[in-house]
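Take a look at the structure below.
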Amino acid sequence: MDTSSKENIQLFCKTSVQPVGRPSFKTEYPSSEEKQPCCGELKVFLGALSFVYFAKALAEGYLKSTITQIERRFDIPSSLVGVIDGSFEIGNLLVITFVSYFGAKLHRPKIIGAGCLIMGVGTLLIAMPQFFMEQYKYEIYSPSSNSTLSISPCLLESSSQLPVSVMEKSKSKISLLAAVPFWYLPKSLPRSQSREDSNSSSEKSKFIRDDHTDYQTPQGENVKIMEMARDFLPSLKYLFGNPVYFLYLCTSTVQFNSLFGMVTYKPKYIEQQYGQSSSRANFVIGLINIPAVALGIFSGGIAMKKFRISVCGAAKLYLGSSVFGYLLFLSLFALGCENSDVAGLTVSYQGTKPVSYHERALFSDCNPRCKCSETKWEPMCGENGITYVSACPAGCQTSNRSGKNIIFYNCTCVGIAASKSGNSSGIVGRCQKDNGCPQMFLYFLVISVITSYTLSLGGIPGYILLLRCIKPQLKSFALGIYTLSIRVLAGIPAPVYFGVLIDTSCLKWGFKRCGSRGSCRLYDSNVFRHIYLGLTVILGTVSIFLSIAVLFILKKNYVSKHRNFITKRERTMVSTRFQKENCTTSDHLLQPKYWPGKETQL
């Protein structure tokens, strides 16, 4: 075969054959030979995107950690706090569907940058009430004529006002700063000329293969919004007609209902169940649980890459992590603490149990002349280990400051159920729970860390399953619908109905200055535990059954198609090998040594 023939064959092989009536398409990925901008690298994009997620996690995490502070600051019940927390997701609903659909065909980095700017402005608006509202007025003790000291709120204001405003400002600055790199990124990142086509990844783990020529922007044509909008409803119909995608969407929605409700009220649960302060509860969650979740997500990604897990394997890993995680979660029912001893609410003034709560239960024969308020909540811990609603119902006559603590003396009600020392004094604040509660709290943290790691281990396999069950050109749109469904059906309602049910366990309500009901001051620990954990387990159980259905449909619909594809591919390979052998034999027969008499003389 002469040189010109070889060149023609090579030229024919390199030339793509286009169907009749179909425009030629140009790949979005620029070649490595073309001059790329300084920021047009994958590492720059990943770094910028990681910074964006850091800013987003900082904003959402801070909002979750201030749930109890918002409840006390504005004196509102948990159900209304859930509405405020759920409204954080409402802003995404206005644009997420259209951005996910049209954004896949436009300049994605600039769209992300614009979103970061809007997020920065939003966090700045969250900080505005800190500068325009009046300072919080704490409930203070109104002393009688023979008292020597009143409780001053000055120290509390100086320690609680500053971090709120500083954190709100920091969130806004970080979100605005995160938008800068995306304005300098190109529309598409460069791709190497030779891209390995791994048989294991394309045949073992994918059942819908990427074909970039099917959905790239036509060369020389400007994309019009109306032309893209025509395929919106057909694309939406295709997504909801995909059984694996639809079932996985239902599974994730139910599972995120349990996760959103659990995470939103976890600091409150630690405060009420184990008697920890709000700052300590949030610090422990950030120090232990968040690294466990990050490690679980990273481990899931490493496992998917190292072992080259197939789609069915990813579904099994997702199901296994959910089952094992919720089995561990069941053990938390046994790791609870009993109610604190509060006079008139959980115990009588004599220290006996049980007690039936009613409005007059807060008063006793030891404090008939004190004229105490029924609505005030200013807990005081007596020397007898019983917490009193305030120093007034405890019958305290005098008070004195000892450092940062305020000590009350001559408390007649404390003396009734006094300890062996016979001391009738008390100190501001609630009494610590029994001696076994700190140990229970330690066990709770250990189980919580393991559960967080186990549940997050299935995050990446589930995400890979979501991407591989749909057409490549609909990935962005499918992710947008997925995110929209999670936010509408889980992010918004879950904190609300969790808060409504948690409010049913309240024993002592606070009241606003106008007389209306405010936030809950004291919860029934046992009822709170069963509502909080029980609702989470019920939702988790439903998601497990839906995950089993996803795995069943996946095996039924796609594994059989995958086997048929492999069978056809093997037949094609055998046929191609046979043709190559015949062609090789023909080439050998055309050599001069087989036809010595017919050798051409040049």
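In case you wondered, yes, glycine gets a Cβ from its N, Cα and C as well.
Note that the structure is a prediction, hence the values are computed from the model and not measured.
If you check Swiss-Prot, you get these features:
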type: COMPBIAS; residues: 193-214; note: compositional bias 'Basic and acidic residues'
type: DISULFID; residues: Cys366-Cys396; note: disulfide bond
type: DISULFID; residues: Cys372-Cys392; note: disulfide bond
type: DISULFID; residues: Cys381-Cys413; note: disulfide bond
type: DOMAIN; residues: 360-415; note: domain 'Kazal-like'
type: CARBOHYD; residues: Asn400; note: N-linked glycosylation site
type: CARBOHYD; residues: Asn410; note: N-linked glycosylation site
type: CARBOHYD; residues: Asn423; note: N-linked glycosylation site
type: REGION; residues: 190-216; note: region 'Disordered'
type: TOPO_DOM; residues: 1-43; note: topological domain 'Cytoplasmic'
type: TOPO_DOM; residues: 64-82; note: topological domain 'Extracellular'
type: TOPO_DOM; residues: 104-109; note: topological domain 'Cytoplasmic'
type: TOPO_DOM; residues: 135-139; note: topological domain 'Extracellular'
type: TOPO_DOM; residues: 157-238; note: topological domain 'Cytoplasmic'
type: TOPO_DOM; residues: 261-280; note: topological domain 'Extracellular'
type: TOPO_DOM; residues: 305-308; note: topological domain 'Cytoplasmic'
type: TOPO_DOM; residues: 333-444; note: topological domain 'Extracellular'
type: TOPO_DOM; residues: 468-476; note: topological domain 'Cytoplasmic'
type: TOPO_DOM; residues: 503-536; note: topological domain 'Extracellular'
type: TOPO_DOM; residues: 555-602; note: topological domain 'Cytoplasmic'
type: TRANSMEM; residues: 44-63; note: transmembrane segment
type: TRANSMEM; residues: 83-103; note: transmembrane segment
type: TRANSMEM; residues: 110-134; note: transmembrane segment
type: TRANSMEM; residues: 140-156; note: transmembrane segment
type: TRANSMEM; residues: 239-260; note: transmembrane segment
type: TRANSMEM; residues: 281-304; note: transmembrane segment
type: TRANSMEM; residues: 309-332; note: transmembrane segment
type: TRANSMEM; residues: 445-467; note: transmembrane segment
type: TRANSMEM; residues: 477-502; note: transmembrane segment
type: TRANSMEM; residues: 537-554; note: transmembrane segment
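Neighbours of Cys413 (disulfide bond) among the recorded positions Cys372, Cys396, Asn400, defined as a Cα within 10 Å of its Cα, are Cys396. Panel annotation: around the topological domain 'Extracellular' (503-536), residues 71-72, 75-79, 258, 261-262, 265, 269, 272-273, 329, 332-333, 336-340, 342, 345-346, 357, 375, 377, 389 of the same chain, lying at least six beyond its termini, place a Cβ under 8 Å from a Cβ of the stretch. Asn400 (N-linked glycosylation site) sits 20 Å from Cys372 (disulfide bond), taking the CA atoms of both as reference points. Counting only residues at least six positions away in the same chain, the Cβ atoms of Tyr349, Gly395, Thr412, Cys413, Gly415, Ile416 sit under 8 Å from the Cβ of Cys366 (disulfide bond). If you measure from the Cα atom of Cys381 (disulfide bond) to that of Cys372 (disulfide bond), you get 17 Å. Taking only the Cα positions, the spacing between Asn410 (N-linked glycosylation site) and Cys392 (disulfide bond) is 11 angstrom.
The CA atom of Cys396 (disulfide bond) is located 11 Å away from the CA atom of Cys372 (disulfide bond). Around the Cβ of Cys381 (disulfide bond), a 10 Å sphere holds 21 further Cβ atoms from the protein chains shown. Here the transmembrane segment (537-554) sits apart from the transmembrane segment (110-134); fewer than 3 CB pairs are under 8 Å, leaving out pairs fewer than 6 apart in sequence. Here the topological domain 'Extracellular' (333-444) is broken down by DSSP into helix, strand and coil counts: 20 helix, 21 strand, 71 coil.
When the topological domain 'Cytoplasmic' (305-308) is classified with DSSP, helix, strand and coil residues number 2 helix, 0 strand, 2 coil. Beyond the topological domain 'Extracellular' (261-280), the same-chain residues lying 6 or more positions past its ends with a Cβ under 8 Å from any Cβ of the stretch are 64-65, 67-69, 78, 82, 85, 336-337, 340, 430, 432-433, 437-438, 440-441, 444, 494-495, 497-499, 502, 523, 525, 528-529, 532, 535-536, 539. In this structure, of the disulfide-bonded residues Cys392, Cys396, Cys413, the smallest number of CB atoms within 10 A of the CB marks Cys392.
One residue stands out among the recorded positions Cys372, Asn400, Asn410 for having the most other Cβ atoms within 10 Å of its Cβ: Cys372. Summed and averaged per residue, pLDDT over the topological domain 'Cytoplasmic' (555-602) gives 52. If one looks beyond the topological domain 'Extracellular' (64-82) by at least 6 residues along the same chain, the residues whose Cβ comes under 8 Å of a Cβ in the stretch are 136, 164, 263-265, 267-268, 271, 278, 282, 285-286, 494-500, 502-503, 510, 512, 517-520.
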